[in-house]
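Undergrad: Below is one structure. I have some questions about it.
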Amino acid sequence: MELYSLTVHELKELLHKREVSAQEVTKSYLERIKEVEPKIDALVTITEEFALERAKVADEMIKNGEAKDLTGIPVIIKDNISTEGIRTTCSSKMLENYIPPYNATVVERLLNEGVVILGKSNLDEFAMGSSTENSAFKTTKNPWDLSRVPGGSSGGSAAAVAADEAAFALGSDTGGSIRQPASLCGVVGMKPTYGLVSRYGLVAFASSLDQIGPFTKDVTDCAIVLNAIAGHDPMDSTSVKIEKPDYTSYLKEDIKGLRIGVAKEFFGAGIEEGVKETVEKAIKVFEDLGAEIIDISVPYVEYALPAYYIIASAEASSNLARYDGIRYGHIAKNYEDLVDMYMTSRSEGFGKEVKRRIMLGTYALSSGYYDAYYKKALKVRTLIKNDFERAFEKCDVIVGPTSPTVAFKIGERTNDPLAMYLADIYTVSVNIAGLPAISIPCGLSEGLPVGLQIIGKHFDEGRILNVAYAFEKAYKFDAKPQAIGGER
């Protein structure tokens, strides 16, 4: 068994007992990256020297009896999360050479834990996309089948964890950007409640929807990482002051008698038969564990996708107005006057999908159309929130498929934005309502992973992790991606 194939909690045990050093663990992962990265293209930047320095710091912490849960554990950070002194590009030409002067709060918290940062992961440009094909630099491949996408926008982080390039990774989720790639790559991915994890240092896409969360190899690891990154931050005005529990303490609670809601709206048109069957079998596992399965309905979820794309694009058009080439970011070499400089810099710096969403958002916010689009989308948002509140009066969690399909072929949907947007049909409603949700692997369809989404009430991450852990223990998903080869 190679060190790089171990989980966070397995590595933690070995490190704390001093059976291996953080430097040995780090070298194992760096070798793994050299072996598989040319095949999957998950990383924008590899920070080898910094990683080895951090490993020495971790070994000192362990030697001095100061070890924490994540001391010496290697991580990869999505490249829209600020890392001081390390290039943060958002996979865009606009920020190709941007080096932040500060760390995001989540990065600061992880560094205080003693983690080892191995590099930054590829994403759809400015986190806009569902396949990681919109990156200005490279297309990340799915470790299960190199001709397929890993999902998006956090496809680099998901592929890196699936391929054992890191013990865990951070991503961001605006409409499914952690859960959908986790589903397509066969790993665990969690989007916490809006406000639980600080957004300070996350490059904004849609500020009322964005949330940072972890990708891990199992549910226990997810709870450990959430312990480290969750909690109030005065630097983020949307961060919520609540007492933070130890999320690992929920894992082993019995789920007998728990009410699990199944909404027919999450099994509608567009779902692949293989995905539907796999998820239905997964729901049967909960029944066997003594949980009560309850049919529920969330009717307004049907309108979640159009509402999401109006709200997210409107917020993006406002957030991305700051990239004008003056203070930082790409600046055009040839221009006639100030206005031409703005236009040319933005034209050259942004990719097609980003431009599409800026135009969509600007249109939705324009005076003649504000009421017809943006205002109406906000009303739908309220109706969706109310739907979930009513549903949670009858059940404790809601389960269903994370994605309507398994990983699709690279290039299959690039010329059909609507087909691409439909990849998020089961995930966007969770962001619209600000709820927490997790995707865990629940089987294979056509040899590719299928994700089960578990949605909870606001700040009920403990319950979600409990249900996910119970399933993981009962089902034991142990399939591994074969397309990348190597010792596992």
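Each Cβ is built from the backbone N, Cα and C atoms, and glycine gets one as well.
Pulled these features from Swiss-Prot for this protein:
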- Lys78: active site, charge relay system (ACT_SITE)
- Ser153: active site, charge relay system (ACT_SITE)
- Ser177: active site, acyl-ester intermediate (ACT_SITE)
Undergrad: Specify the secondary structure state of Ser153 (active site, charge relay system) as given by DSSP, simplified to three classes.
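TA: DSSP assigns Ser153 (active site, charge relay system) to coil.
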Undergrad: Relative to the Cβ of Ser177 (active site, acyl-ester intermediate), which residues of the same chain, six or more apart in sequence, are found under 8 Å away?
TA: Leu123, Asp124, Ala127, Ser130, Gly152, Ser153, Ser154, Gly171
Undergrad: Which of the three DSSP states, helix, strand or coil, fits the residue listed as 'active site, acyl-ester intermediate'?
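TA: The three-state answer is coil.
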Undergrad: So among the active-site residues Lys78, Ser153, who's got the most Cβ atoms within 10 Å?
TA: Ser153
